[in-house]
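**Student:** Here's a structure for you.
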Amino acid sequence: MIQALLVIICLAVFPHQGSSIILESGNVNDYEVVYPQKVPALLKGGVQNPQPETKYEDTMRYEFQVNGEPVVLHLERNKGLFSEDYTETHYAPDGREITTSPPVQDHCYYHGYIQNEADSSAVISACDGLKGHFEHQGETYFIEPLKISNSEAHAIYKDENVENEDETPEICGVTETTWESDESIEKTSQFTNTPEQDRYLQDKKYIEFYVIVDNRMYRYYNNDKPAIKIRVYEMINAVNTKFRPLKIHIALIGLEIWSNKDKFEVKPAASVTLKSFGEWRETVLLPRKRNDNAQLLTGIDFNGNTVGRAYIGSLCKTNESVAIVQDYNRRISLVASTITHELGHNLGIHHDKASCICIPGPCIMLKKRTAPAFQFSSCSIREYREYLLRDRPQCILNKPLSTDIVSPPICGNYFVEVGEECDCGSPQACQSACCNAATCQFKGAETECRVAKDDCDLPELCTGQSAECPTDSLQRNGHPCQNNQSYCYNGTCPTLTNQCITLLGPHFTVSPKGCFDLNMRGDDGSFCRMEDGTKIPCAAKDVKCGRLYCTEKNTMSCLIPPNPDGIMAEPGTKCGDGMVCSKGQCVDVQTAY
């Protein structure tokens, strides 16, 4: 009876293979659900690394599965994402300029790679779960959290599985009227560089990058400055890694949001707006904030299919080291590709021809694109080197340094000056839990700075040596929670019932045990875990650690939550007295962690 009912419900939930879900990046028609598990960092001798006095760690590792195979994602914080004299500017309704220097070095933006894969790379935001992309076995995968409360579930998908908002290719507005012939390029490449030229090419380059968000884009995101800042940070973190093969480091030196009105008329004609922006940078921006290059992110719809425009070979020029980019798609990877493309033009790189290739494609400097781009072609790298030797731009040779502050100390101006231990702004604006905004001194040790939010969390106390609240501490894994209904696991209290409720709604609960016995079959519909691409049936004691079954309250059914591969019981879920799920098996809680 149960098996027959299961078939009927599966047909209702999966009318065709490939379920669809709306994620932050758009509508995804095929995806895999994974549960990334953080791997504790160990010092020599197997002792766990002590928690740093920062909100985010410098290095992290996460383990999860891709196509049923385990992978380990190594992450390292992009410490050079922000210049040390990074500032943020917005405008009051009356037009007053408001510039601050917020503490941004303890951020959550990472680069990384997949363990044991030499050519892999990753760009990840770890602010709230894992969001970004990584390369695995020659293919690019995107990852982002599923919006399920108290769950570590993430979706992994490929670009081809995202339904495009618009199938029309994005186009760069740069017109190619001065291309050299293939023959002349070949002749140029045959010259032998002098030792001085080789040294110049090998020197690491630094671009202090300034981003302006226009008023249309500000209003499009409902005047939400924090959301806009996160979007820009994620974009520049992605841009940064694209320029690594060119030995260029992109450091964000400033972010400006035109929150009251545009500072010049932003027009649909991209060439006109680019010219106006270059003049504004030269006459207004540079006198008050140094930068090597500035880009305008705009909410305007440029004429035709144009989404960006830039000057070619113009870096370090006061009125031409600029580009404009339309924020045309909710997917950060697409807009970041356009930012990279236009900056490539500033660095002397033209559009790729049909003979230019890169792996994986598409190439960054293609004139038309419908997918994110991650690599410069060999043609682009050659043109960049030729531009460097021809123009010798000097502004990109200086490593970003902090600006000395010599003015009298003022508590509340965001600058840590002589006699101050911290400065988080005014008492009304301060967001630093362990800095006394009135005195600009650290709060005393044992001052509670973060309360425990539930059974599986612990309160945090200031150290007296830092303005930041220590890293969020969690109750140990295996600690009883929710009146012994389950055990803590990585800060959550996972139960089968709560998993059904979050996936299907408050009118659902966990199915009776008879449904879970189906997991002993090990077929496409019911299993415990994957090993080498094979679905392994559950042992009798493990059935509640395999595929999840739910039912409407006051009914007896075996409903599978919607997902192409089903939803599995979350790691750490209670499967018996003193027992928890771990890798598809029901094990003793005392030995599970």
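Each residue, glycine too, has its Cβ placed from N, Cα and C.
Sequence annotations record features per position, and here Swiss-Prot assigns signal peptide to 1-20 based on sequence analysis. The domain 'Peptidase M12B' annotation in Swiss-Prot covers 205-400 and rests on sequence analysis. Taken from Swiss-Prot, the feature disulfide bond applies to CYS316-CYS395, CYS356-CYS379, CYS422-CYS435, CYS424-CYS430, CYS434-CYS462, CYS449-CYS469, CYS456-CYS488, CYS481-CYS493, CYS500-CYS550, CYS515-CYS558, CYS545-CYS581, CYS575-CYS586 (among others), supported by experimental evidence. The feature N-linked glycosylation site is assigned by Swiss-Prot to ASN319, ASN490. Sequence annotations record features per position, and here Swiss-Prot assigns Zn(2+) binding site to HIS341, HIS345, HIS351. Per Swiss-Prot, the feature domain 'Disintegrin' maps to 408-477; the stated evidence is sequence analysis. Residues annotated as Ca(2+) 2 binding site in Swiss-Prot: ILE410, ASN413, PHE415, GLU417, GLU420, ASP423. Sequence annotations record features per position, and here Swiss-Prot assigns Ca(2+) 3 binding site to ASP457, LEU458, GLU460, ASP472, SER473.
Give me the lay of the land around each of these features.
**Tutor:** Around CYS316 (disulfide bond), a 10 Å sphere centred on its CB holds 17 further CB atoms from the protein chains shown.
Within 10 Å of the C-beta of ASN319 (N-linked glycosylation site) we count 16 further C-beta atoms, all protein chains included. In this structure, ASN319 (N-linked glycosylation site) belongs to neither helix nor strand by DSSP; it is coil.
For HIS341 (Zn(2+) binding site), the same-chain residues lying six or more positions away in sequence with a CB closer than 8 A to its CB are CYS172, GLY308, ILE364, MET365, ALA373.
Cβ-based neighbour count (10 Å, all protein chains) for CYS379 (disulfide bond) stands at 21.
Broken down by DSSP into helix, strand and coil, the domain 'Disintegrin' (408-477) contains 0 helix, 11 strand, 59 coil.
ILE410 (Ca(2+) 2 binding site): 12 other CB atoms within 10 A of its CB, across all protein chains.
The local packing around CYS422 (disulfide bond), expressed as other Cβ atoms within 10 Å of its Cβ over all shown chains, amounts to 21.
A sphere of 10 angstroms centred on the C-beta of CYS430 (disulfide bond) encloses 19 other C-beta atoms.
Residue environment of CYS462 (disulfide bond) contains 23 other Cβ atoms, counted within 10 Å of its Cβ in all protein chains.
Residues within less than 8 Å, Cβ to Cβ, of CYS449 (disulfide bond) and separated from it by at least 6 positions along the same chain comprise ALA433, CYS434, LYS443, GLU460, LEU461, CYS462, CYS469, PRO470.
Here CYS456 (disulfide bond) comes close to LEU474, GLN475, HIS479, CYS481, CYS488, TYR489, GLY491, THR492, CYS493: these same-chain residues lie at least six apart in sequence, with C-beta atoms under 8 angstroms from its C-beta.
The Cβ of ASP472 (Ca(2+) 3 binding site) has LYS55, ARG450, ASP457, GLU460, GLY491 as same-chain neighbours under 8 Å, each 6 or more residues away in sequence.
Neighbours of CYS481 (disulfide bond), defined as other CB atoms within 10 A of its CB across all chains, total 20.
Packing around ASN490 (N-linked glycosylation site) is summarised by its Cβ count: 18 other Cβ atoms lie within 10 angstroms of its Cβ, all protein chains included.
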**Student:** Closest of the recorded positions to CYS558 (disulfide bond), Cα to Cα, picking from CYS316, CYS356, ILE410, LEU458, CYS575?
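**Tutor:** Closest candidate to CYS558 (disulfide bond), judged by Cα separation, is CYS575.
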**Student:** Around the Cβ of CYS493 (disulfide bond), how many other Cβ atoms lie within 10 Å? Please give the count over every shown protein chain.
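**Tutor:** Excluding its own Cβ, CYS493 (disulfide bond) sees 22 Cβ atoms within 10 Å.
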**Student:** For CYS379 (disulfide bond), which of these binding-site residues sit within 10 Å, Cα to Cα: HIS351, ILE410, GLU420, SER473?
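**Tutor:** Of HIS351, ILE410, GLU420, SER473, within range: HIS351.
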**Student:** If you draw a 10 Å sphere on the Cβ of CYS586 (disulfide bond), how many other Cβ atoms land inside?
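**Tutor:** Its Cβ has 24 other Cβ atoms within 10 Å.
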**Student:** Mind checking which of CYS395, CYS469 has the fewest other CB atoms within 10 A of its CB? They're the disulfide-bonded residues.
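**Tutor:** Among the disulfide-bonded residues CYS395, CYS469, the sparsest Cβ neighbourhood within 10 Å belongs to CYS395.
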**Student:** Tell me which of the recorded positions HIS351, CYS430, CYS515, CYS545 ends up closest to CYS316 (disulfide bond) in space, Cα to Cα.
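**Tutor:** Closest candidate to CYS316 (disulfide bond), judged by Cα separation, is HIS351.
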**Student:** About how far apart, in whole Å, are the alpha carbons (Cα) of CYS422 (disulfide bond) and SER473 (Ca(2+) 3 binding site)?
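**Tutor:** If we compare the Cα positions of CYS422 (disulfide bond) and SER473 (Ca(2+) 3 binding site), the gap is 23 Å.
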**Student:** CYS575 (disulfide bond) to HIS351 (Zn(2+) binding site): how many Å between their Cα atoms?
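**Tutor:** CYS575 (disulfide bond) to HIS351 (Zn(2+) binding site), Cα-Cα distance: 58 Å.
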